[in-house]
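Novice: Got a structure for you, written out below as structure tokens; questions coming shortly.
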Amino acid sequence: MAESHLQSSLITASQFFEIWLHFDADGSGYLEGKELQNLIQELLQARKKAGLELSPEMKSFVDQYGQRDDGKIGIVELAHVLPTEENFLLLFRCQQLKSCEEFMKTWRKYDTDHSGFIETEELKNFLKDLLEKANKTVDDTKLAEYTDLMLKLFDSNNDGKLELTEMARLLPVQENFLLKFQGIKMCGKEFNKAFELYDQDGNGYIDENELDALLKDLCEKNKQELDINNITTYKKNIMALSDGGKLYRTDLALILSAGDN
């Protein structure tokens, strides 16, 4: 199935989804190591079998990752390599998603009920807005199809809604600073204790200075994952979730809490 799709001159959104599932064997949401090498091998074989030249994007991709064991790509990168239908590809090219800070602001806008999730209707509005910003419109049937596919692509725990970390896979890997925090998330009890410790004036939210102190301590304790030289960037991205400079417990929990007690 994946081979025949890779031979196509134009890949539909549904075919793209099938290709991704085929190669993301461990369901991590990223292609790395053997998964990435399998994709490259099958892509080369499929194009040769179909008598098709590699596109410039494919050639650049093969040159960049073909000889590397440490390569890692997400859905965004693959969407730029394969000849995907235009409107679906636009969802991965939006200016709003070029930086983590803009992504956080977009999240805040569409998580309208502040639940910490974007649910189906919110996701549909999000995608519709992205397409409109690119001066593209799709009918309701196509929009529903894209929404369904996005859920299938990004909803790693299959709960029918997207968490911040799931939605962040719309960002290119190098822009996704949330990946840095995946390995240092705290259980619910630890997170609440930390929040109360750094909310020094006890007003129920953390301001920029209090967040700065928290991040410095996290960097000191987790030097492998976090770089203290990037604190300004971390802070700017996280504060984009705040409400007028006030970072409430539920907002910070999206970044630092694993949710368990």
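Glycine is treated like the rest: Cβ placed from N, Cα and C.
Features from Swiss-Prot:
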| type | residues | note |
| --- | --- | --- |
| MOD_RES | Ala2 | N-acetylalanine |
| REGION | 2-7 | region 'Interaction with RANBP9' |
| DOMAIN | 11-46 | domain 'EF-hand 1' |
| DOMAIN | 53-88 | domain 'EF-hand 2' |
| DOMAIN | 98-133 | domain 'EF-hand 3' |
| BINDING | Asp111, Asp113, Ser115, Glu122 | Ca(2+) 2 binding site |
| DOMAIN | 142-177 | domain 'EF-hand 4' |
| DOMAIN | 186-221 | domain 'EF-hand 5' |
| BINDING | Asp199, Asp201, Asn203, Tyr205, Glu210 | Ca(2+) 4 binding site |
Novice: Per DSSP, what is the residue count of the domain 'EF-hand 4' (142-177) in each of helix, strand and coil?
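Specialist: Residue counts in helix, strand and coil order: 23 helix, 2 strand, 11 coil.
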Novice: What does DSSP give as the helix, strand and coil breakdown of the domain 'EF-hand 3' (98-133)?
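Specialist: So the domain 'EF-hand 3' (98-133) is made up of 25 helix, 2 strand, 9 coil.
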Novice: What are the other residues, in sequence order, whose C-beta lies within 8 angstroms of the center of the C-beta atoms of Asp199, Asp201, Asn203, Tyr205, Glu210 at the Ca(2+) 4 site?
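Specialist: Checked against the 8 Å cutoff, the neighbours are Tyr198, Gln200, Gly202, Gly204, Ile206, Asp207.
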Novice: Name, in the order they occur in the sequence, the residues of the same chain whose CB lies under 8 A from the CB of Glu122 (Ca(2+) 2 binding site) and which sit 6 or more residues away.
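Specialist: Result: Tyr110, Asp111, Thr112.
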Novice: Return only the integer: C-alpha distance in Å from Ser115 (Ca(2+) 2 binding site) to Asn203 (Ca(2+) 4 binding site).
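Specialist: About 21 Å separates the two Cα atoms.
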Novice: Counting only residues 6+ away in sequence within the same chain, which have a CB under 8 Å from the CB of Glu210 (Ca(2+) 4 binding site)?
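Specialist: Glu210 (Ca(2+) 4 binding site) has long-range Cβ partners Tyr198, Asp199, Gln200.
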Novice: Using a Cβ cut-off of under 8 Å, list the residues of the same chain at least 6 residues beyond the domain 'EF-hand 2' (53-88) that approach it.
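Specialist: 6, 8-13, 16, 19-20, 29-33, 36, 39-40, 43-44, 47, 131, 136, 138, 142, 146, 149, 153-154, 169-173, 176.
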Novice: Cα-Cα separation of Asn203 (Ca(2+) 4 binding site) and the residue listed as 'N-acetylalanine', in Å?
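Specialist: Roughly 54 Å, rounded to the nearest whole number.
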Novice: Measuring Cα to Cα, how far is Asp201 (Ca(2+) 4 binding site) from Ala2 (N-acetylalanine) in Å?
Specialist: 57
Novice: Which residues in the same chain, at least 6 apart in sequence, have a Cβ under 8 Å from the Cβ of Tyr205 (Ca(2+) 4 binding site)?
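Specialist: Result: Asp199, Lys246, Leu247, Tyr248, Arg249.
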Novice: How many Å separate the Cα atoms of Ala2 (N-acetylalanine) and Asp113 (Ca(2+) 2 binding site)?
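Specialist: With distance taken Cα to Cα, Asp113 (Ca(2+) 2 binding site) is 39 Å from Ala2 (N-acetylalanine).
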Novice: Let's check the environment of Ser115 (Ca(2+) 2 binding site): how many other CB atoms sit within 10 Å of its CB?
Specialist: 11
